[in-house]
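J.: Please read through the structure below; I'll follow up with questions.
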């Protein structure tokens with residue numbers, strides 16, 4: 001893009017003055033680069049009192065954690081901004097507000113969420129937000145229903161599928177979720193103590209067959225405009241509040257992928273808790289995670305079905321019973337994608353603090369083995385895990 005340049009802190013301040021929608025833009029005087037992700041520069045823009053007022057986020061033309069040897073499209077910044085704008089239109093309460101974006105500079109200005117915390121960090125600390133799972137379920141139901149065939153016309157949706165074609169970011173997901181963990185790949189990272197389990201997964205014919213189906217559905221089922229990366233590190237929480245951020249992986253894909261990714265991150269925390277806390281606190285935290293899993297699915301399903309019954313525009317899809325039949329397939333997909341998230345976060349490229357921050361090496365490896373075992377069980381048995389209580393029973397059975 002001819003006008004692209006990488007922002008300095010001073011550039012970010014000036015940009016925020018122009019597009020931050022503040023009554024006194026000259027009050028913005030400094031910027032802190034806070035990006036700890038893999039893909040972007042993120043600046044907190046502060047006023048004269050040191051208070052953060054807005055966020056400026058710019059995509060880099062490469063994967064930050066790898067370097068310029070892994071180039072990456074800047075169009076992801078447009079896709080992220082437009083995904084958040086669409087999601088925010090249907091669920092403003094739980095979507096970060098985009099104040100401005102520029103496709104050529106691959107930059108956007110967002111509301112500041114300094115009064116919120118990253119959900120994963122809070123879960124790892126043992127901080128419980130009892131409303132968060134239900135709020136995330138509401139976000140998923142609203143955004144996924146309103147961008148699906150139930151609500152959009154066929155012509156609208158076909159145009160949107162093209163507009164949100166995101167092949168480079170999707171390939172990252174395709175590789176990291178469904179290919180790398182099951183082969184000997186240089187991107188994989190895992191404790192040598194896990195090598196026996198890793199080799200078992202690579203040689204597990206039933207697992208590989210089920211993963212092939214998950215990948216094929218990811219490639220071919222353009223059901224709704226997904227967030228595409230809705231893990232607990234892409235969600236901000238505060239008391240009674242929740243906001244989804246970081247939607248650069250947005251594309252039209254299988255609804256169960258977003259739901260399964262969200263469930264999988266709750267279960268990654270479930271698997272890690274015995275290594276993060278003593279027995280009593282870990283047991284209590286695990287019960288909270290299971291309650292979160294239950295609420296996330298049940299509230300999502302209830303809200304999605306209610307929207308189907310009230311707002312479906314496509315007459316053929318409004319036939320009694322079809323929405324329920326469709327949702328059952330979403331559930332089966334979600335269970336499988338949940339399992340793939342557990343495995344790829346344990347032995348693939350991108351790990352999570354829920355497991356990696358466990359200080360005792362032996363306990364960490366044991367928690368990681370549990371995550372791998374649960375992930376395999378969910379992927380292979382997804383068609384037989386027909387409802388939420390069966391899922392919870394399978395989780396408890398895994399230990």
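Backbone N, Cα and C atoms are what each Cβ position is placed from, and that goes for glycine too.
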J.: According to Swiss-Prot, 57, 111, 112, 113, 246, 247, 248 bind ATP; so which of 40, 265 is the extra one listed there?
T.: 40
J.: Count the other Cβ atoms sitting within 10 Å of the Cβ of residue 57 (ATP binding site), across every protein chain shown.
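T.: The answer is 27.
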J.: Name the residue among the binding-site residues 40, 111, 246, 248, 344 whose Cβ has the smallest number of other Cβ atoms within 10 Å.
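T.: Relative to the other binding-site residues in 40, 111, 246, 248, 344, 111 has the fewest Cβ atoms within 10 Å.
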J.: Just to verify: the residue among 112, 229 with the fewest other Cβ atoms within 10 Å, which of the binding-site residues is it?
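T.: Comparing Cβ neighbours within 10 Å for the binding-site residues 112, 229, 112 has the fewest.
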J.: With every protein chain in view, how many other Cβ atoms are within 10 Å of the Cβ of residue 247 (ATP binding site)?
T.: 29
J.: Can you grab the distance from residue 229 (substrate binding site) over to residue 111 (ATP binding site)? Cα atoms, rounded to a whole Å.
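T.: So the Cα of residue 111 (ATP binding site) lies 20 Å away from that of residue 229 (substrate binding site).
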J.: C-alpha of residue 40 (ATP binding site) to C-alpha of residue 344 (substrate binding site): distance in Å?
T.: 22
